[in-house]
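Peer 1: Handing you a structure now.
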Amino acid sequence: MDDFTGLLARDFGLKPQGKSAPMASQSNSSAADFNTFASSYSFASAAGKKSDSLPVFDDLGRDGDDLLFRDVFSGPPPKYGSSGDSRSPSAPAFDYDVMFKEPKSKSASSMPVYDKPVYDDEDVFESIPELKIPSTSSQSARFENVFSSISSSPTKHRKQNSSPFDDLMGNNLGKKESDREEKGSSIFDDLIPGFGRTSSPPAKRTTSETTSQSQKPPYRTAETSSNVKEDPFVVLEESTSTLREPSTGGFTDPLEEIGKFNSRKTDHSSVHGGVFVDTDPLDSLGKSGPDMNSRGKSHLRPPGNISGSQSPVESSGLYHSKNVSFDDVVEPQNTSTPPPTNSDGSFESSDDVWLTVSEIPLFTQPTSAPPPTRPPPPRPTRPIKKKVNEPSIPTSAYHSHVPSSGRASVNSPTASQMDELDDFSIGRNQTAANGYPDPSSGEDSDVFSTAAASAAAMKDAMDKAEAKFRHAKERREKESLKASRSREGDHTENYDSRERELREKQVRLDRERAEREAEMEKTQAREREEREREQKRIERERERLLARQAVERATREARERAATEAHAKVQRAAVGKVTDARERAERAAVQRAHAEARERAAAGAREKAEKAAAEARERANAEVREKEAKVRAERAAVERAAAEARGRAAAQAKAKQQQENNNDLDSFFNSVSRPSSVPRQRTNPPDPFQDSWNKGGSFESSRPSSRVPSGPTENLRKASSATNIVDDLSSIFGAPASQSGGFQDVDGETEERRRARLERHQRTQERAAKALAEKNERDLQVQREQAEKDRIGGTLDVEIRRWGAGKEGNLRALLSTLQYVLWPECGWQPVSLTDLITGASVKKVYRKATLCIHPDKVQQKGANLQQKYIAEKVFDMLKEAWNKFNSEELF
């Protein structure tokens, strides 16, 4: 931050008239200087509150300090004593402990004990003869003015350390120290008539005066000698109070005092010459101070004045102070922008706010340590709404930090503290007295949004300031002529010097205004260029971002498409695999179903065949048993019949023997004529059982058995006549035995021989029955197999025909697809068509197939009926194809 050294001289052309700036040597003691400045600048209006003289205006209360400081730091500061005691230079001039506490009782001293004000007996209007008022002892203790070093006499300026504003005007307004010492006048003797004399502290103003200043004279009669004039730089201490309290001091103009003292009994309109009757450029001043934010910075900042000096700031209808005439705003207060005049010769009402140090309170404890040397950060500006039909100066023009040529040398700690104080004061409460809220507190605008408007508003403000300055100059000339008649001669020279300084100041202001405008234009051009560059950079970044996003989007889409295609391929492959597996599974299931069906059919056929064989065996066994029983019954019957026949034959033989005995003589005599070896021809008696036996045909052995008794018959023929009878009997009994075909007992046969012959006969019968049963079983089995083949042929023929469709006579096709019709257990290995190109390979594969599916081979391997049927059919088809192949191809 910049210090105050030379700041007014650089920006406004004001230079002190006293000795050379004593502040230059006190740059290190910045804290003490700032405290002195704050105390002198804030509480100058309260210096004469306890004087015996009456205030200029109607006070709202006897204790005006409470009203003045009730909103500021929680109560009024303690007052000076009337005695001329002075504090040590090391003690701070601003008692913060007292300011931040609640106000105390009336009886106790509530004002802080400041350093003894310098040049208490000097008046800012000392050079005006008519306003020179003798000061009493009660008026000696006053608050130190901000420009005490300017307004005080050079002699006193040497005696005591001045305020930090000694060097504020820059080499004492450009005048030499010798000139100031010779003239011995105040700093503003040549600037404004009467602006250098010692005056009493500012007096309070009534509420009526704040509302209608044009109807009442701003000052009372001459009897209020102690409170006739106010310090022109303490005007904004009245704006520190809000609507809750009236303003505590009147803001008067030295030029206005000139006219008022020349014609005290005249009307207010006659004093102003009918020009400024209804015009109050500071109409809203004193009603409300700017809002303070958390950092103590206001939204308003004086234009071109970083040192914290007074300057008009547009409040846009939010700062409605008490009605003060145009004379209250004068150039000794560094007003570089006077309001312009309208067409009818009167000034327009202005909402300019005069910021003073009294409105810049400190919330930090004072310290003697130097502040940090780093520059402050730039503050964002906030536009303020304009009042309707009133010209305004945007605050952005005041907030802009305009660089100047003299800024480089202003870097002392005192200026840094004052800049912080200025920033802190800008953030105060901006709620107007009429209840309008601060428009800047609720809206945020861009830093560069009001740059163009700021330049135009600044130019308008400069034009108004020029018009105001010219009018003030004319008024001062007229008032000075009136006042010069009753003034002393030495004031004329001071007035001329002030006029010269005023003209020089005007020239400097014009030059500085032109420089500021040029710098502002350059700054605006730079800002526009920076904004354009920033906009271009943002556009380029946006284009790059869009291009990058497009590339990323295209890449992402390509990746998504590739992933989708890969996923689709994988899905298709998986579906193909699943389909193949399903088809294979279906084929295997069909084959298994066919095999199971074939097995079930074979098992059923086998069961049926076994059942039929068992039934056939049972039937055969039953028949054999029946036949054997019948044979045994017949044999028993034959034996009984034979026994009966033998009995009858024996009886007949006996009868015949007796008869033959009677004829022995005949046989005796006839024996010589017929040899005994020739048997006699006899007629054998018929056997009643012979026909039935031969008709049965059950025994084939009946034929050979019929020849058995031939032997004994022949023997009987050869025997003698005695033996012939026996032979005849044997033949009689042997004939039936040979005729029966069963086992017959032979007379004279031993028991062993008879048993052996019976066993042999039984074995023969058993073998014959067994052979017959086997033959019958084979025939039955063949019949069952044929029936089963006929049954399963309906199912298997369909598959075989489907397999051989289109392959009739094509041996290669049949051999390459043979695995689809054969069962897995046959041992056939699939063969590809590429292996069946040559005739030799076809012949070789055909031989293998023949060995695998030949019906006899299949029968030997224990195949079932279904497999046998398939083998027979396939073998027949292969044989036909082989015959065709063998006839067509040579190999």
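Even glycines carry a Cβ here, placed using N, Cα and C.
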Peer 1: Would you please say which range out of 119-163, 254-298, 749-793 has the annotation coiled coil in Swiss-Prot?
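Peer 2: Spelled out, Swiss-Prot records coiled coil over residues 749-793, not the other listed ranges.
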Peer 1: Which whole-number mean pLDDT does the model give the domain 'R' (606-627)?
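Peer 2: Over the domain 'R' (606-627), the predicted model scores a mean pLDDT of 85.
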Peer 1: Restricting to the same chain and to residues at least six past its boundaries, which positions have a Cβ under 8 Å from a Cβ of the coiled coil (749-793)?
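Peer 2: Apart from its flanks, the coiled coil (749-793) reaches 598, 601, 605, 608-609, 612-613, 616-617, 620-621, 624, 627, 701, 742-743, 865-866, 869.
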Peer 1: Per DSSP, what is the residue count of the domain 'J' (826-891) in each of helix, strand and coil?
Peer 2: 50 helix, 0 strand, 16 coil
Peer 1: Over the span of the compositional bias 'Basic and acidic residues' (579-647), count residues by DSSP class, listing helix, strand and coil in order.
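Peer 2: Its residues fall into 69 helix, 0 strand, 0 coil.
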